[in-house]
């Protein structure tokens with residue numbers, strides 16, 4: 001039972017101190033934005049994506065919010081979906097289109113302070129360029145899907161935003177908060193339940209067997225043994241794999257291209273593990289079992305395809 005008071009409790013603390021507050025902020029903030037007619041101001045950063053991808057202002061606001069917090073952005077989008085402001089199809093396309101914005105938020109918090117010191121300027125720079133490039137290409141795919149499958153019609157929330165005149169500031173805030181309560185009850189219940197179950201499975205090491213089945217597959221790429229080690233470690237933990245790649249680079253065991261390639265191949269295989277451990281449970285928690293599963297699968301397939309293309313491009317330089 002030591003696991004109960006170790007990593008399991010640590011992750012539950014993260015849930016209630018970091019994730020839940022941002023979910024509340026995202027849902028309540030979205031409703032207050034509507035009351036004040038501020039969706040246009042929040043969505044201005046993503047306006048080109050809204051226009052080209054036929055996304056609504058609600059989706060644009062959620063995408064922009066991903067720059068600050070993934071939890072708040074997805075919670076905001078889930079709130080709009082629960083209230084009937086965005087369709088199921090638009091939710092899927094918005095999640096795909098928001099990938100680049102989500103990655104940008106990691107540059108000052110992970111890529112610059114962690115990746116560059118561990119991999120060095122050259123290899124670290126290549127890795128960051130490829131990761132950001134992958135995210136950008138996924139977003140472009142999302143925009144193309146929106147251009148093809150969304151009609152860009154004005155939603156109920158946009159009509160409400162145009163027609164509603166805010167007279168009293170505090171009254172608008174109270175209305176926004178009260179309107180958020182039913183949505184928060186649905187989302188928070190799912191988030192806590194699904195997160196707890198996934199946390200329990202992780203703590204019991206029930207996902208470890210997946211790694212053993214993936215390890216032999218790295219031989220398909222004809223990677224050197226050292227690079228295969230990076231791949232396997234990347235499946236288990238991203239920071240540990242970057243640390244290992246940096247050590248192998250330092251002693252000359254691998255080249256920068258092979259080090260970055262090992263990390264990308266590892267990320268390709270880790271997506272299956274990530275889907276089971278995090279992506280699928282999280283999307284189900286935000287959007288419910290049916291839509292959450294669709295979002296996870298479509299996002300997974302898009303990531304697999306684009307990452308495979310990036311690996312092919314990288315290894316073409318060897």
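A Cβ is built for glycine as well, from the same backbone N, Cα and C atoms used for every other residue.
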Here TrEMBL annotates transmembrane segment, and of 237-256, 257-276 the range meant is 257-276
Relative to the transmembrane segment (126-150), the stretch among 59-80, 92-114, 296-315 with the most Cβ pairs under 8 Å is 92-114
Same-chain residues at least 6 beyond the ends of the transmembrane segment (92-114) with a Cβ under 8 Å from one of its Cβ atoms are 46, 49, 53, 55, 59, 62-64, 66-70, 73-74, 77, 86, 124, 128, 131-132, 135-136, 138-139, 141-143, 145-146, 149-150, 239, 242, 283, 291, 294-295, 298-299, 302
Same-chain residues at least 6 beyond the ends of the transmembrane segment (296-315) with a Cβ under 8 Å from one of its Cβ atoms are 92, 95-96, 99, 126, 130, 133-134, 137-138, 141-142, 221, 257, 260-261, 264-265, 267-268, 271, 275, 279-280, 283-284
